[in-house]
């Protein structure tokens, strides 16, 4: 395991909402929710910290957000402007290193082991980047500094907003032991529920389990979690990373025969895929359905649409059609997955925040 790298994860604080509050003084100090009209279909893209105090969070239906925060200010947002500001932030990053891996408009990994300013301390680089972003753009960012991407990303969320958390190789295992396992990469709702049933709530709980036992209970997730909780991750910062597909899949706790359960899963996946596509500023043209039967036979079916889309309803309709064509209801399903491929950048003026 290479512990000599100096990795920073920068995560802008409530990015879209912060840009709006910066540009519109009337929004400052008020619960601002980006996601469109709460009386129509849509979900929250992001919200200000004032709105978060009421329990509002991203991916929540706007109608639910309105109930939690009746005095909230709802706006559609301006994606083209957020892209412009994101590019300004990346220009600041490039003053320090060319090894930059953007994850979305509002976050990125930076490898500053060999940085352009010859600074020996990654912590000082992170602080200077935070200060520069605030001074030049009037926005705050949180930073995590460590020797690998996994720990740096967790650390950036530790002292939000505008905080910085440094985790050295010597501190890594103790730091990870206190972290809820729901914060670990790859732990979604289904895996979190399995971990909860196993009595695993924190990194410390996770560390008590052997590698074999975790793999037996969680399969490939167990393999990765065993390494992550020990700070073992050698993934490099990849400036050429380009997502070729966006998808979601789940392995059911019990094999499923009911097509309605499968349809419900696809609907949830479509919403999640839509959210990720919009964050990546992409849309796709090919929908892929994956089914794994109880005997571990796996099939994939794909449908190429007439036009590119990032709309959950269109993605779901295509997936549901593939399900009808593929599933007879005679054999139970162990795993179901939905992926959108054939991606290309979205024309920003056509991005629909309201129908996220």
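Cβ coordinates are placed from backbone N, Cα and C, and glycine is handled just like the others.
Taken from Swiss-Prot as is:
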{"type": "ACT_SITE", "residues": "107", "note": "active site"}
{"type": "BINDING", "residues": "11, 106", "note": "Mg(2+) binding site"}
{"type": "DOMAIN", "residues": "1-188", "note": "domain 'UmuC'"}
{"type": "SITE", "residues": "16", "note": "site 'Substrate discrimination'"}
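Sequence features, as recorded in Swiss-Prot, placed on the structure.
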residue : record                          : Cβ neighbours (10 Å)
11      : Mg(2+) binding site             : 21
16      : site 'Substrate discrimination' : 26
106     : Mg(2+) binding site             : 23
107     : active site                     : 20
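A separation of roughly 4 Å, to the nearest angstrom, links the Cα atoms of residue 107 (active site) and residue 11 (Mg(2+) binding site). If you take the Cα of residue 106 (Mg(2+) binding site) and the Cα of residue 16 (site 'Substrate discrimination'), they are about 8 angstrom apart, rounded to a whole number. DSSP gives residue 11 (Mg(2+) binding site) a strand state.
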